[in-house]
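S.K.: Here you go, one structure.
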Amino acid sequence: MASSKVVVLVVPLLVMSFCMVSCWGGNFNKDFQITWGDGRAKILNNGNLLTLSLDKASGSGFQSTNEYLFGKIDMQLKLVPGNSAGTVTAYYLSSKGATWDEIDFEFLGNLSGDPYILHTNVFSQGKGNREQQFYLWFDPTADFHTYSILWNPQRIVFSVDGTPIREFKNLESAGVPFPKNQPMRIYSSLWNADDWATRGGLVKTDWSKAPFTASYRNFNANNACIWKNGRSSCKSSSSWLSQELDSTGLQRLRWVQKNYMIYNYCTDKKRFPRGFPIECNRS
């Protein structure tokens, strides 16, 4: 567990981040479109709340109205409570085509009382297999929490309640493709993946607990580059386009990775017996 010094450092910043996001929430009627689920996805409270649901017949999903090429993007989620084994709540950015780019948050459900697994991945030019997984330091089903992506030409930073949990740097100079040329939409879905999601598929979905519901609010893409008609809405002077983790951010990142990371592809010797991918040695 974290030391008291780190906890004192993190908490005020989490509160500040929460307040900033809460004050600038978007409107789901304007910013998103429900794409599937036959009525299982709902936009409520005058566009301030969106819910996805899953039952034995189907899950549901939505996508953003806009495409983005770089951005600081926040969304608050409250995950499926109780016995969520077998369910996956996916929240991600993705382009289309055979050589797509993608930036993933996936939340793997579990039995009541067991922790959710937060699964992250980065695809570039159709190549992924860059998984890092984490437990969270709170119950993500009890209340809303902010899940953020900073994506600029130099790096991708995944954050939770303002705390960085993962950084993927641009290492094109070392031959590693980086997502920077393909605009991406935001997608989210709630679906059944009990063939693999919980303990490798050993624990199946308990349909007597259905419908399962995940909730979304306070979308914020004020600092994001909308891509439309081959042009970007952003100005090169935007400070976040060159933003990097400062010493405090790096300290918080190390705290999460030391205490809450449960899988890192960059340390999986069985998977990479001939040596780790290039980015693992340059991060």
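Keep in mind that glycine also has a Cβ here, set from the backbone N, Cα and C atoms.
So TrEMBL lists the following for this protein:
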- 1-25: signal peptide (SIGNAL)
- 22-216: domain 'GH16' (DOMAIN)
- Glu102: active site, nucleophile (ACT_SITE)
- Glu106: active site, nucleophile (ACT_SITE)
- Asn110: N-linked glycosylation site (CARBOHYD)
S.K.: List every residue in the same chain as Asn110 (N-linked glycosylation site), at least 6 positions away in sequence, whose Cβ is under 8 Å from its Cβ.
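M.R.: When sequence neighbours closer than 6 are ignored, Asn110 (N-linked glycosylation site) has Ser84, Ala85, Tyr116, Ile117, Thr198, Val203 within Cβ distance under 8 Å.
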S.K.: Near the Cβ of Glu102 (active site, nucleophile), how many other Cβ atoms are there if near means within 10 Å?
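M.R.: There are 18 of them.
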S.K.: Check each residue in the chain of Glu106 (active site, nucleophile) that is at least six apart in sequence and keep those whose C-beta is under 8 Å from its C-beta; list them in sequence order.
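M.R.: Long-range Cβ contacts: Val88, Thr89, Ala90, Tyr91, Tyr92, Leu118, His119, Thr120, Asn121.
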S.K.: Looking at the domain 'GH16' (22-216) alone, can you tell me the average pLDDT?
M.R.: 95
